[in-house]
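Visitor: Below you will find the structure I want to go over with you.
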Amino acid sequence: MIYQGNRITVSLLDDGIANMQFNAEGESVNKFDAETNKQFDEAVSALEKADNVKGLIVTSSKGVFIAGADITEFVSHFNKEAAEIEKWIVDINGVFNRFEDLPFPKVAAINGAALGGGCEMTLVCEYRVMGDKAQIGLPETQLGIFPGFGGSVRTPRVIGIDNAVELIATGKAQKPAEALKLGLVDAVVAQDDLQEAAVDLVKKCIAGDLDWQAKREEKLQPVKLNQLEQTMAFSTAKAAIFAKANPKQYPAPAIAIETIEKHVNLGRDEAIKVEAAGFAKAAKTPQAESLVGLFLNDQTVKKLAKQHTKNAHDINEAAVLGAGIMGGGIAYQAASKGLPIIMKDIKSEQLDLGMGEASKLLGKMVERKKMTPAQMGETLSRIRPTLNYGDFGETDIVIEAVVENPKVKHAVLKEVEGLVKDNAILASNTSTISITYLATVLERPENFVGMHFFNPVHRMPLVEVIRGEKSSEEAIATTVALAQRMGKVPVVVNDCPGFLVNRVLFPYFGAFDLLLKQGADFVHVDKVMEKFGWPMGPAYLIDVVGLDTGVHGAEVMAEGFPDRMKPDYKGAIKHLFENNRLGQKNGVGFYKYEKDSRGKPKKTADDATYALLKDTTDTDNQQFDDQTIIDRMMLAFCNETVRCLEDNIVATPSEADMAMIMGVGFPAFRGGPCRYIDQVGLDNYLALCEKYAHLGKAYEAPQKIRDMAAAGETFYPKA
């Protein structure tokens, strides 16, 4: 044994070939945390002293090769000064460079995901062999940073500038065939043959059949392109990348490209220093703080959901009441994940609509070659459309997705409860109606919960699981488990009108209505909020949701929270609805919609809208600058999020932030409403609340904000 650690071992195989194996004891995956970095340094030192090693393979004992750096440890470094971050990165790179400089050939045997630091570990080897089930990539820009362990230096020298820029700037993981085509790996073999193939490559290097030293030398020298070729490569890459991501919102890809451009004409050691400076620059951006925080929040939400499933019942068959687009979407989602589901409606045309929706979604999967026609048929066969309850006796969970009317829901829920087994779970897909209220007609309210999917079901990852006053932990656990099985991210919330997401969204629409009443232009407001980072502005969003849905939801919310959600005037949204402008569903809302050449609705501002809005606009129109619009819209949204934490509707800032990003498209690079408040600063945020408090209760600072500001606290403590 050349080196023995609890993260890394280096053993000698036959013929002078060593095996550096990453094997983090007690961990499900290998990653570059502080202890692994320490042992990597020690292992390299041992190899530098070994005189009996002729070549080396790098392997993993886990299903994952190396998942990358430990993000939880990264956060503590990001709060340091840029110079300290640079030094930390340069020091780690010193070990990677020493490994690369070892006087014998090295081959990485990539058996699973080699991401971030894992990919960078393979790049310090001369050759890379990849298993046919593995993946490789540099996803750091998705966290607001970019590769810091030499990845931005070595990839342009291995796969070319244009390919390297795309790999790093998009953060997309590569499948084996893609990686081979790029030149990121040298061979793809069956998983079972991986170590043998890696050893064979090392033997060829030792025998002189492969010039491994030339391969290494390429990575140590500047990129071999003249200035004109470099300029063309970078110009093309920048145009492609910036068309996909706004560098003001997501600066990491731009910083990565700028950094690569600075170091491509340098040797490795100098280039590494440039990379470290670029990494520190990206790490100090608020977007990096937000996106790394988002990654950690995602882990937190998944852990909490897993804890909720401890008492879950087995689910062998589900049912959905109400077909149509929503029911069809729920049925599709269940069936596509292998779960048999009954879809019941009282009208055959609704069943046809539901099956049509499922068929359409599956057809698109076939078109994209993500599914074969045979698999599509098999998936569709898991959905059983029916007009009666004959098959409900053995169903484990029934999702009610009928019209958003409490009387109809009461009737349907009461009826189905008498037809299912005693321990079957009933879940309502209501978006606003109290679960506790809906449970009043049930004999077994403990088996009843809310399960709020977002539209379109196949695209929106969030499911709110709502706990009513009498909902049992088993019912919550089973519903959370079902959401996970359907490929969704469940967040458990307590019952109130609108639950979490809609309760927060409606004050945002209220703030929009008030701005329009006071003279703001809806097109201008949309542009400002889209520039802020929302995928669509509030006018466009309510058009997509449907003004009828919005008005109905607003009435429910006004009844639940009259102090801040019941306006004393008729707003633009209600006025347009009363004039039969429903949004995209009938072609006219705030905007007018016409189909483009691909059949997609295209919006244009409509003179008829402006004419109608004169009826709801104050005579003394005000002009609003962009920051005022942002402040007023975001205060209403963020204040209600904080009130949901105060009222224990949602348990943690992590869950609140993830729900808003996944449920309504809160700008991911801002990290969620709680992270946004932290970045504005609690004192500054409180001052904004006081500035706009005269507009109404929705703008007044929640007590939690006052208390936190007084105590100098934040939602996310600084590491």
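The backbone N, Cα and C atoms fix where each Cβ goes, glycine too.
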Visitor: Among Asp298, Asp314, Asp345, Asp352, which residue shares the NAD(+) site with Met326, Val402, Val403, Glu404, Lys409, Ser431, Asn455 according to Swiss-Prot?
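Guide: So, going by the record in Swiss-Prot, that would be Asp345.
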Visitor: Under 8 Å Cβ to Cβ from Asp298 (substrate binding site), same chain, six or more residues apart: give me those in sequence order, or none if nothing qualifies.
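Guide: Listed in sequence order, they are Val489, Met658.
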Visitor: Within its own chain, what residues at least 6 apart in sequence put their Cβ under 8 Å from the Cβ of Glu120 (site 'Important for catalytic activity'), listed in sequence order?
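Guide: Within the chain, Glu120 (site 'Important for catalytic activity') has Cβ neighbours under 8 Å at Phe96, Leu138, Pro147, Phe149, Gly150, Gly151, Arg154.
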Visitor: If you count the other Cβ atoms within 10 Å of each Cβ, which of the recorded positions Glu140, Asn502 comes out on top?
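Guide: By the 10 Å Cβ neighbour count, Glu140 comes out on top.
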Visitor: State the Cα to Cα distance, in Å, between Asn502 (substrate binding site) and Glu140 (site 'Important for catalytic activity'), rounded to an integer.
Guide: 32
